[in-house]
Amino acid sequence: MSRLIFSRYAPAHLLRPAPPLAIIRLNSILFTRSYTTKRYTKEHEWVNVEESLATIGITDHAQSSLGEVVFVEAPELNKKVKKQDPIGAVESVKAASDIYAPVSGDVVLVNERLKDQPSLINESPEDEGWFCKIKMSNSSEINDLLDAEAYEKFIDQKES
């Protein structure tokens with residue numbers, strides 16, 4: 001009965017079946033998959049790679065060791081970097097630490113929010129506190145980095 005009442009008051013265009021063209025369009029939509037790969041360095045940077053774009057930051061372990069971050073020196077936009085080049089620095093109340101490029105390529109984006117909110121690195125080091133994005137010139141360099149399990153083992157060995 002409720003169906004009948006709804007039909008009675010529903011606009012006419014909602015009651016008509018969709019034309020066959022809509023089905024054809026739906027079937028012609030292309031879906032693409034993009035894979036993300038997250039890796040780590042022994043210098044405590046993380047890199048999240050989606051296709052050829054690498055997002056760089058420091059790990060939760062690094063921010064915890066540094067303490068309250070008070071200043072971030074970011075890399076220059078469009079700067080060409082090589083793997084292991086210093087690309088910036090993080091200063092905290094305890095220490096200062098250089099940030100190294102885990103991959104080679106061009107810096108295409110810098111997290112501008114870190115200028116006014118360096119504490120984002122403490123609050124969300126592996127999400128909102130990302131450092132920069134690098135368009136990779138050699139995607140095979142990612143294979144030299146540690147996966148999550150290897151990074152955890154590395155940390156455990158250093159602390160024991």
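Every residue, even glycine, has its Cβ placed from backbone N, Cα and C.
Database features (TrEMBL):
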| type | residues | note |
| --- | --- | --- |
| DOMAIN | 53-135 | domain 'Lipoyl-binding' |
| MOD_RES | K94 | N6-lipoyllysine |
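Here the residue listed as 'N6-lipoyllysine' comes close to L66, G67, E68: these same-chain residues lie at least six apart in sequence, with C-beta atoms under 8 angstroms from its C-beta. DSSP states for the domain 'Lipoyl-binding' (53-135), grouped as helix (H, G, I), strand (E, B) and coil, give 15 helix, 35 strand, 33 coil.
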